[in-house]
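A.B. asks: I am attaching a structure below and will ask some questions about it afterwards.
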Amino acid sequence: MSSSSKTDKKAAVDAAAWMFNVVTSVVIILVNKALMATYGFSFATTLTGMHFATTTLLTLALRWMKYIQPSHLPVSELLKFVLFANFSIVGMNVSLMWNSVGFYQVRFSKICNVCNLSTVLTWDLQNFPSTTFQIAKLTMIPVSCFLEVVLDNMRYSRDTKLSIGVVLLGVGVCTVTDVSVNTKGFLAAVVAVWSTALQQYYVHYLQRRYSLNSFNLLGHTAPAQAGSLLLVGPFLDYWLTTKRVDAYPYSLTSVLFIVLSCTIAIGTNLSQFICIGRFTAVSFQVLGHMKTILVLILGFVFFGKDDLNFHVIVGMIIAVAGMIWYGNASSKPGGKERRSSPANSSTKFQKLETADADEKV
């Protein structure tokens, strides 16, 4: 196969992986919104545990059918990953409770209303000090960059760094309407951001370090996450909502929505691992902000020009231009590459193979 054919095939697979992640992420948000807002199943952490339990069942079935080959992941690495991932989930849930999600939540509530869903929030965010949760999401990119520079010895060109700045500027102009912060919400957001960045970095690191594909890694991590979240989830959800998951009035419709949510979550979990494995955590975050732009566009489609003002249009244009610039800059030689480590370096990350550096954008 010629070099150009390989490049075209890789680009097609990359695009398919990203679209798979976008579609499953948007659909599961809509399903969870219906489940939590319309049917009152406000047990987010427990539901996430169910998601990983369902994913575990799939990986076990695929392993039994010999579609997943045996692989090895040290227990110490697994424990670190689960710690980061669970702190990410808990941190996000607590941060959403202690912060107002402002513009993003208001717009999403409108979209849910068009879909005949109740706009009642999981928690009454109006009772909490106002802030914009989107600010925390914006910090994910610089934190992920910091981790790659420090832990993975990554080097970014000037154009790549500038393009990331343009993306952050554009998304910020689109979404940030309130910068007030409360102490508890700020601390929860810090925990959520750093643990999420570490978790996403570790997905990419473990796949390369131990030659694991997405299903292999899910087969190792999903059971541990399912067990820990199902154990801790009911207590955390009771603390956040003062409601008990065992006292919830289950109905046929709500159970069907839970099953649907768990089924879609398999695709969401798998697509995240595929995308981070192919793109790295930073690129995954940059591309991930396209979901925010899609939410804004969806709001425009449903609500017309009244829901799309000048600063939102300018922000979207800036963000999309930044994403295109980032893709261009990071794919050029020297745009984003792993620097060679000194021979006497003691860091464990020098063991990582560098042959795939040019393939990960």
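Every residue gets a Cβ built from N, Cα and C, even glycine.
According to TrEMBL, the protein carries these features:
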- 12-31: transmembrane segment (TRANSMEM)
- 37-60: transmembrane segment (TRANSMEM)
- 81-98: transmembrane segment (TRANSMEM)
- 157-326: domain 'Sugar phosphate transporter' (DOMAIN)
- 162-179: transmembrane segment (TRANSMEM)
- 185-203: transmembrane segment (TRANSMEM)
- 215-236: transmembrane segment (TRANSMEM)
- 248-270: transmembrane segment (TRANSMEM)
- 282-304: transmembrane segment (TRANSMEM)
- 310-329: transmembrane segment (TRANSMEM)
- 331-361: region 'Disordered' (REGION)
- 350-361: compositional bias 'Basic and acidic residues' (COMPBIAS)
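Show me how these features fit into the structure around them.
C.D. replies: Cβ atoms under 8 Å from those of the transmembrane segment (37-60) belong to residues 68, 89-90, 93, 112, 117-123, 215, 218-219, 222-223, 225-226, 228-234, 236-237, 240-241, 243, 245, 248, 251, 253-254, 257-258, 261-263, 265-266, 268-270 of the same chain, restricted to positions at least 6 beyond its ends.
Long-range contacts of the transmembrane segment (215-236) within its own chain (CB-CB distance under 8 A, at least 6 residues past either end) are made by residues 43, 45-50, 52-53, 55-56, 59-60, 62-63, 67-69, 71, 73, 78-79, 81-82, 85-86, 89-90, 93, 203, 206-207, 244-246, 269-270, 273.
Distant neighbours of the transmembrane segment (310-329): 157, 159-160, 162-175, 283, 286-287, 289-290, 292-293, 296-297, 335-336, 361; these residues of the same chain sit at least 6 beyond its ends, with a Cβ under 8 Å from one of its Cβ atoms.
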A.B. asks: What residues in the same chain, six or more past the boundaries of the transmembrane segment (248-270), come closer than 8 Å to it by Cβ-Cβ distance?
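C.D. replies: Counting only partners 6 or more residues beyond its ends, the transmembrane segment (248-270) has Cβ contacts under 8 Å with 20-21, 24-25, 27-28, 31-32, 34-35, 39-41, 43, 47, 50-55, 58, 214-215, 218, 222.
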